[in-house]
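Data block below; observations after.
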Amino acid sequence: MKDQKFSISKRIASFRFAFNGLKILLKEEHNARIHLVIALCTLIAGAIFRLSAYEWIAISFAIGLVFIVELINTTIEHIADFVCPERHDKIKKIKDMAAAAVLISALTALAIGLIVFVPRILSI
Ligand SMILES: Nc1ncnc2c1ncn2[C@@H]1O[C@H](COP(=O)(O)OP(=O)(O)OP(=O)(O)O)[C@@H](O)[C@H]1O
């Protein structure tokens, strides 16, 4: 790897692969589509309520966190199904823990959303 010359076209290809991963996530994972709709609604609400820079930072982290964890969860599910297509107690444990990570990230994002938006809504 270190001996390879720097190549712009290879860097562009890496971006293409990464966007392809995102496309697969949104195409195959219904949860990810729900996250996308919620993220878009949050961004629109943020623009309507004219959030501060710090509030935008919090919201950006919350949205990013959910997508990153969803991508890692889906990756783990795919690897698990590939290495062990049959039902197995260990695979159940692995998948349940990966799903728990998604749950925690979603609850964290929800908490951030409530902290940012509830005071704004109450002050209307
Ligand atoms: N091979 C397996 N062996 C044992 N249990 C499994 C196996 N595959 C799935 N499960 C159980 O079913 C649950 C759902 O697994 P599945 O792969 O269908 O994820 P999913 O419902 O598609 O999750 P997500 O909503 O994140 O896409 C797992 O959390 C696990 O409890």
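Any Cβ shown, glycine's included, is placed from N, Cα and C.
Copied over from TrEMBL, here are the features:
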type	residues	note
ACT_SITE	Glu70	active site, proton acceptor
BINDING	Glu29, Glu77	divalent metal cation binding site
BINDING	Glu70	substrate binding site
TRANSMEM	32-51	transmembrane segment
TRANSMEM	57-76	transmembrane segment
TRANSMEM	97-118	transmembrane segment
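Around the Cβ of Glu70 (active site, proton acceptor), the number of neighbouring Cβ atoms within 10 Å comes to 23.
According to DSSP, Glu29 (divalent metal cation binding site) sits in a coil region rather than a helix or strand.
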